[in-house]
């Protein structure tokens, strides 16, 4: 048996990220005594370096390494760059929140970097084992981050629920993986697709495997009926952690969905398509209806996020390259919009007020007109109101669903989008037309956070004015 040394070049960003994060974990014990910001700045520098490595080695063709278990392609590189940008925004927003709430720790940043590493591995995984490895790296980091606030009973409860349900979902995924492996005799996505296409497989075992895999994927995405953890974890976790969970991991979960179903199981499209139709419909309805009664903004964004996941799944249902690129575009747009939404809450939060209730935004236009305008941009984009980019994200997905012959599904999506616009516009109404409960001004937001919120919010408008470039980029990557 000949041992061939694999090419490490396609995985250089991941290797550098793992090495620097491990070194940072050790260095943090020294830095924490000298400079409380050293770990933060080192984290941002590491992300810049990794982003630069991805950008300079951008792959326009598919490159496999590590015996075909790791793939480097344009699809993966684009998602990795978005993960890097979103993660830098997360850490920028989180720094002051952690300081004000007296649990600024280097572990938040190192765990966050390990989470990014897991996302990178998931995005580039090309077999079932590598995908599981990336998923566990990301998940373990997230469990620990949710439980970081040891003195907060709600955070500990959220962490326990997240861990138990996460373990259950992982078990479902592994059971599905074992069935697919048992039926095909391979864990490589391309080989699985070829074997299934040949027809020499047990379709019953494959069908059961697909069911368990889709259930596991639905949990990771937070789709109905496997969404039980989403509102409680979003609400119970510290807002800085909610900001992390609600943004970048969604990109990795979408990549996981695409790699397994589209690249690994295209021959079973009729099986997984019908399941995803059901999950998407439930997510759209639950996400729109239950959000109507939410008064806590974090829970509101959690339930509305479930509705957005329903839209992402619509693109997958189309089962063609245009549909997949529309879903990819929606995922990127949603992650940026969620970053802006949760970032606004983090920026306004204070030690004695988390600023996470809709009522907290009453009369915000009188207390801080600029931030009220930025919040309006965020809410309009989430609602899908032109000319913001959220509108075009919904349009391209609905268009592809109609082209694929699911007109009834497109009509349902439009109706749910109209219903969901109500609770986003309610926040705008509260800011501009309700009187503040007290006449005190909102405590000044630091210039750094002010610029960050403004940049991300205005980006939602600018991307909406020229969406074709990002849509084309997504299409060409597949």
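In case you wondered, yes, glycine gets a Cβ from its N, Cα and C as well.
Between the listed ranges 300-320, 426-446, Swiss-Prot ties the annotation transmembrane segment to 300-320.
Looking at 328-348, 349-369, the range tied to transmembrane segment in Swiss-Prot is 328-348. If one looks beyond the transmembrane segment (300-320) by at least 6 residues along the same chain, the residues whose Cβ comes under 8 Å of a Cβ in the stretch are 221-224, 227, 230-231, 233-235, 246, 250, 254, 257-258, 261-262, 269, 273, 276-277, 279-284, 286-288, 290-291, 294, 326-328, 330-331, 334, 338, 341-342, 358, 382, 393-394, 397-398, 400-401, 403-404, 406, 409-410, 413, 416, 420, 423-424.
The transmembrane segment (237-257) is not in contact with the transmembrane segment (371-391), judged by fewer than 3 CB-CB distances under 8 Å for residue pairs 6 or more apart in sequence. When Cβ-Cβ distances below 8 Å are used as the criterion, the transmembrane segment (109-129) is approached by residues 10-11, 13-14, 17-18, 20-21, 24-25, 28, 39-40, 42-43, 46-47, 50, 64, 68-72, 76, 79-80, 83-84, 87, 90-91, 135-142, 144-145, 148, 177, 180-181, 187-190, 244, 248-249, 251-253, 255-256, 259-260, 263-264 of the same chain, each at least six residues removed from its ends. Within the chain, the transmembrane segment (46-66) has long-range Cβ neighbours (under 8 A, six or more residues past its boundaries) at 6-13, 16-17, 20-21, 24, 72-74, 76-77, 80-81, 84-85, 87-88, 91, 113, 116, 126, 130.
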